[in-house]
Amino acid sequence: MFPFGPHSPGGDGSAGAGAEEPTPHEGQAAATGPPSPLHPGADATHPPPPARSPRRPGAPSLSPAPRSGELGLPGAPESSTASAPGEPSPPSPPCRRPGPDCRAKSRGRHGLGAGLGGPGARLFGWLKERSLGRGLFVDPARDNFRTMTSLYGSIHPADSVYLSTRTHGAVFNLEYSPDGSVLTVACEQTEVLLFDPISSKHIKTLSEAHEDCVNNIRFLDNRLFATCSDDTTIALWDLRKLNTKVCTLHGHTSWVKNIEYDTNTRLLVTSGFDGNVIIWDTNRYTEDGCPHKKFFHTRFLMRMRLTPDCSKMLISTSSGYLLILHDLDLTKSLEVGSYPILRARRTTSSSDLTTSSSSSGPRVSGSPCHHSDSNSSEKHMSRASQREGVSPRNSLEVVTPEVLGESDHGNCITSLQLHPKGWATLLRCSSNSDDEECTCVYEFQEGAPVRPVSPRCSLRLTHYIEEANVGRGYIKELCFSPDGRMISSPHGYGIRLLGFDKQCSELVDCLPKEASPLRVIRSLYSHNDVVLTTKFSPTHCQIASGCLSGRVSLYQPKF
């Protein structure tokens, strides 16, 4: 396992019996001075050493010192280098502590090494490399990341499935099952398709899954998944019984655009163009539906996401605002409807923030009037929590993300994704005139402040890139890779793989002081129409993309 000689850690000390190393008897015979009066177990105290005069590096000592690499043996007589009683002892070379892989039996009578060029030096070199974080013994995933980067760098279009626009329409969303065994396709013409991503074989078509466009698909586990549609409903499905729906959920009054799921509480969270965020208790679902409650309301709602640990909820709007609910508690908010406003950043005026009395939550609007619930929510903030420096639960932050090169205030945030480890958020923004598009990465700063107004924003722009301005009026869904090191973004008639640097490092390892461009790792073009959605497989080195003309393409490494 280790490229060492017979004295490597874990090796047998007897295997090196023929090596030319001094034995304890030879070392003892070489000693010329009287033995030290101190012996193991003696209770004596060394006097404090006096100030030493400076000595040139490498100057010879008064008595021969042991060779580099030799360690003293317990119970062996002291050499002549020991000073007489009452005299200060010269400083001894520091003893290096053996690593955890060194076993006691390998420390036999030869010690750990016998010189600078012996196996001991190689051992200490290996320990140094390991302490610096190099090699598989510290972080095996580092080499795995290098391998994945190499694989994605050699990725090519592997297969494609053409879906007739007459029967299926455009591809609006793609979603893999958590185990990567099923790829689901949300189609424009009321259908959901299921494929085997490994063989590219069609498994099942859920004809008339909805009565209008299917917008989003979300897996709850390896067998249950949910779909939402412009028909204002959400449907639950079971992969083991696809002939009928598990149940249909009614509660929205307009197009339902995306679905989130809290695995800890088993609560389903949906959002739609009616401005409502609704929570569904899937623990008590029946054929007629399941209990639900309006959790939040805001105007111009586009997308809603939960962080991986479900500690934050992010909501993007077509007016350029990003709403962040900190210290999220979905279960508590079913009874408590107060949302203290922590801060408003880069808003046009203080009157832009109002609270909807029907949902007891603040919303962004152009109305100059305030509802009384906004002031009452601040009164409900615990004074004790303010004194102790603790933010209230479900506290709201309103942010206008900084976009480099924006010509006018207020960009439409059309797509919203979160880093798999919750470090950052990924936004795709378009200008008000719809003539510019860009992808931006924002790092989450420290937790939300306690004071209602703070000069610091919790999001910081770290990376950005300009996108192709094609397919106006359609939302382009981008995504992070499962490890969070790469981004797959629709780009014209294909996709681009983007990284934070050329080595595809993790975000925390390459955070710039100022916003810097994303690096293009690879560009892939295999469609004949505008790509609307793309997705990484959670288990395989595979990417899927879907376009406006109904074509689904799969990308895999090719050597």
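Cβ from N, Cα, C; glycine included.
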- prompt: From Ser83, Ser349, Ser358, Ser372, pick the one Swiss-Prot annotates as phosphoserine?
  reply: Ser349
Message: Labelled phosphoserine in Swiss-Prot - which residue from Ser63, Ser367, Ser489 would that be?
response: Ser63
- line: Annotated as omega-N-methylarginine in Swiss-Prot, from the list Arg134, Arg146, Arg343, Arg456, is Arg134
Field: Where Swiss-Prot places phosphoserine when the choices are Ser8, Ser92
entry: Ser92
Query: Looking only at the repeat 'WD 3' (251-290), what is the mean pLDDT?
result: 93
Statement: Taking DSSP H, G, I as helix and E, B as strand, the repeat 'WD 4' (296-335) contains 3 helix, 18 strand, 19 coil
- line: Under 8 Å Cβ-Cβ from the repeat 'WD 3' (251-290), and at least six residues away from its ends along the same chain, one finds 212, 215-218, 220, 226-230, 232-234, 236, 296-306, 310, 313, 315, 330-331, 333-334, 359, 363
- request: Taking helix as H, G and I and strand as E and B in DSSP, count the residues of the repeat 'WD 3' (251-290) in helix, strand and coil.
  value: 3 helix, 21 strand, 16 coil
